[in-house]
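Working notes, beginning with the structure itself.
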Amino acid sequence: MNNMPTFPGEVSQEEPQAASSFPSREMSDEGIARLLHVWYRMTSPPEPGESASFEEREVFRRGRTGSQISIVLFILVFISYPAAFAGSNSLLAMILTIDLFILALALFLNHLGRCNLAGILVVLAFTASPTVNIITTPGGVNTSALPIFGLLVFPLMCAVSFLPSWWVFVIATGNCLFAFSVLRFLPSSGELHEVLKVAFPGIVTPIVLSQVIVSLVAFLWVHGATQALLRAERAEEIAKLEHDLVLQNAETVAEQKQQLDLSIQSIVETHARVANGDFNARVPLTQENALWQISGSLNNLLSRLQRLRQEAEEIQHMQRALKEAREEVALLRRLVGKEAPSNEAGWNRIE
């Protein structure tokens with residue numbers, strides 16, 4: 001009871017404030033979703049249909065992932081401009097501008113479905129940017145250039161997004177060789193020069209480990225996504241095959257039912273013709289028909305019945321012929337019987 005509000009006005013003031021926060025969140029989510037939809041429509045390959053092959057879906061997945069990571073790359077380039085103007089390397093601003101043009105061209109190619117070419121351009125651009133920045137550092141490599149080696153993970157993310165997953169190990173190997181070569185053979189200055197003399201492995205090892213870990217994690221992530229797509233495609237193929245089998249079975253059952261109905265109708269019509277006296281009627285079914293055995297037995301029975309009827313007609317004809325013959329014989333006997341007395345009377349007169 002103590003937790004209940006004392007005045008009704010307290011409830012009416014708090015509830016609108018709590019309720020008003022939800023529409024703002026929903027509106028912000030809808031706005032972000034619309035912006036992403038517009039971005040994907042301009043930079044991502046068109047979404048394949050339901051009947052698309054695995055290769056087409058894989059190209060769409062890589063293109064969509066590349067479109068997503070390009071947002072991060074644009075942000076990275078823009079926030080690097082202040083450091084480019086304030087830093088000691090005057091070429092950095094020009095390098096960032098070139099990266100912007102290459103990234104825009106790559107996204108255009110990505111929209112056309114040329115994901116491999118787009119990925120190669122992006123990987124080359126964002127690999128060349130930190131490497132050129134490190135190599136062109138005035139006075140040689142110094143401690144301020146060490147954080148730039150951390151930017152070499154972005155080419156790995158670009159490679160695993162746009163290109164086939166195994167490319168990430170190629171890029172990581174190249175980055176490791178570059179870091180080792182720069183720190184080992186290029187001139188260094190300041191504190192870095194003294195540190196490299198006594199602790200070279202301690203400087204190179206974190207850079208190499210970061211490349212190995214990021215490339216391995218990225219490969220496993222993409223490999224898992226690819227396997228999930230394969231399993232989904234197989235499941236869709238199995239479901240499609242099952243659906244086709246069900247339809248095929250349904251069509252087969254419907255055809256068999258229709259054929260059975262027609263066969264039964266033929267048998268009924270044949271019975272009706274025989275009942276009306278047409279003993280030449282036969283059931284017109286072939287061996288492929290389900291009622292072939294029944295129709296064959298019925299046709300044999302009708303043939304025997306027809307032969308019996310023919311024999312009965314022949315017997316009746318013979319009976320009629322015999323009856324006529326008897327009548328003729330009887331008539332002849334009567335005629336012969338009448339002529340015999342008349343002949344005897346004639347002989348008596350002559351005598």
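FYI, residue positions are counted from 1 along the chain as it appears here.
Placed from the backbone N, Cα and C atoms, the Cβ positions cover glycine too.
The following features are taken from TrEMBL:
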- 298-335: coiled coil (COILED)
- 14-23: compositional bias 'Polar residues' (COMPBIAS)
- 258-310: domain 'HAMP' (DOMAIN)
- 1-27: region 'Disordered' (REGION)
- 67-85: transmembrane segment (TRANSMEM)
- 91-109: transmembrane segment (TRANSMEM)
- 116-135: transmembrane segment (TRANSMEM)
- 141-159: transmembrane segment (TRANSMEM)
- 166-186: transmembrane segment (TRANSMEM)
- 198-222: transmembrane segment (TRANSMEM)
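Along the coiled coil (298-335), the predicted structure has mean pLDDT 83. Same-chain neighbours of the transmembrane segment (198-222): 146, 149-150, 152-153, 156-157, 160, 165-166, 168-169, 171-172, 175-176, 179-180, 183-184, 192, counting only residues six or more beyond its ends whose CB sits under 8 Å from a CB of the stretch.
A Cβ distance under 8 Å defines the sequence-distant neighbours of the transmembrane segment (166-186), meaning residues of its chain 6+ beyond its ends; these are 119, 123, 127, 131, 134-135, 140-141, 149, 152, 155-156, 159-160, 196, 200, 203-204, 207-208, 211-212, 214-215, 218-219, 222.
Sequence-distant contacts of the transmembrane segment (67-85) (same chain, at least 6 residues past either end, Cβ-Cβ under 8 Å): 39-40, 43-44, 92-93, 95-96, 99-100, 103, 106-107, 110, 122, 126, 154, 157-158, 161.
Taken residue by residue, the domain 'HAMP' (258-310) breaks down under DSSP into 37 helix, 0 strand, 16 coil.
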